[in-house]
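Asks: Dumping what TrEMBL says about this protein:
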{"type": "BINDING", "residues": "E45, E70, D97, D119", "note": "S-adenosyl-L-methionine binding site"}
{"type": "BINDING", "residues": "K123, D155, T192, E193, Y194, E195", "note": "substrate binding site"}
Amino acid sequence: MRLRKKPWISQALEDYKGKELLEDGLEAYKGKWRALLGDKPLYLEIGCGKGQFISQMAQLHPENAYLGIETQRDVCYYAVKKLRDQEIDNARILRADAAHLLDWFEKGEVEGLYLNFSDPWPKARHAKRRLTYRSFLALYKTILKPAGHLRFKTDNDALFEFSLEEFKEFGLPLLTVSRDLHHTEILNEAQTEYEQRFSALGKNINFCEVVF
């Protein structure tokens, strides 16, 4: 879902640039993220939306560092505002396209990845845009440390089945699979806005964790 553009957000985002929000010159951080965020294990959420999940994880785990990647400018505003308002210093938001991950991260620089309620791109001709498509999995494998984990949540059953098949074809072991996460004992520390909304409506939440 795309938000209607709000002109005032442009100026508001200027106040966050270089602090909570990183947009330009991301290549300069390649291999140096720990210098920016402290010498901590680094985790990525790709498609962080309004930042509820990443802000919760950063607060729950101050021993880790978190980066949220989001393409939509106006959505980034709400994510960086959460970090500022909650005085979170172990997380940043990157306004960028995940297709360029290799430009920003060294091989094995990332501890783990989160994909939460990604755009399902339902049309078959758009399959390559799905964040669980094999070309994206190849990017993840490069930037993740050996045996790094990917945790994936979605309410979209078709995307989930597609993703399971992609993981299988890519040779990724499935550690955990659930088609109804909220009725299991699987640790689910933080929830996105979408997850809370769909769960309240009685929608099942699909989950899996794979290791690279």
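For all residues, glycine too, the Cβ spot is worked out from N, Cα and C.
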Asks: List only the single closest residue to D155 (substrate binding site), chosen from the binding-site residues E45, E70, D97, D119 by CA-CA distance.
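Replies: Spatially nearest to D155 (substrate binding site) by Cα position is D119.
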Asks: According to DSSP, folded down to helix, strand and coil, what is E45 (S-adenosyl-L-methionine binding site)?
Replies: strand
Asks: Please find, for E45, E70, D97, D119 as listed binding S-adenosyl-L-methionine, the greatest distance between any two Cα atoms, in Å.
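Replies: In whole numbers, the farthest two Cα atoms are 14 Å apart.
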Asks: Enumerate same-chain residues with a sequence separation of six or more from E45 (S-adenosyl-L-methionine binding site) and a Cβ-Cβ distance below 8 A; give 'none' if the list is empty.
Replies: F53, I54, M57, Y66, L67, G68, I69, L113, Y114, L115, N116
Asks: Cα-Cα separation of E70 (S-adenosyl-L-methionine binding site) and K123 (substrate binding site), in Å?
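Replies: Per the Cα atoms, E70 (S-adenosyl-L-methionine binding site) and K123 (substrate binding site) stand 22 Å apart.
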Asks: Measuring CB to CB from E193 (substrate binding site), give everything in the same chain under 8 Å that is also at least six residues away in sequence.
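Replies: Counting only residues 6 or more apart in sequence, the Cβ neighbours of E193 (substrate binding site) under 8 Å are G49, K50, Q52.
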Asks: These are the binding-site residues: D97, D119. Which one scores highest on other Cβ atoms within 10 Å?
Replies: D119
Asks: If you measure every Cα to Cα distance among K123, D155, T192, E193, Y194, E195, the residues said to bind substrate, what is the biggest one in Å?
Replies: 25
Asks: Could you tally the C-beta atoms, other than its own, that fall within 10 angstroms of the C-beta of E195 (substrate binding site)?
Replies: 22
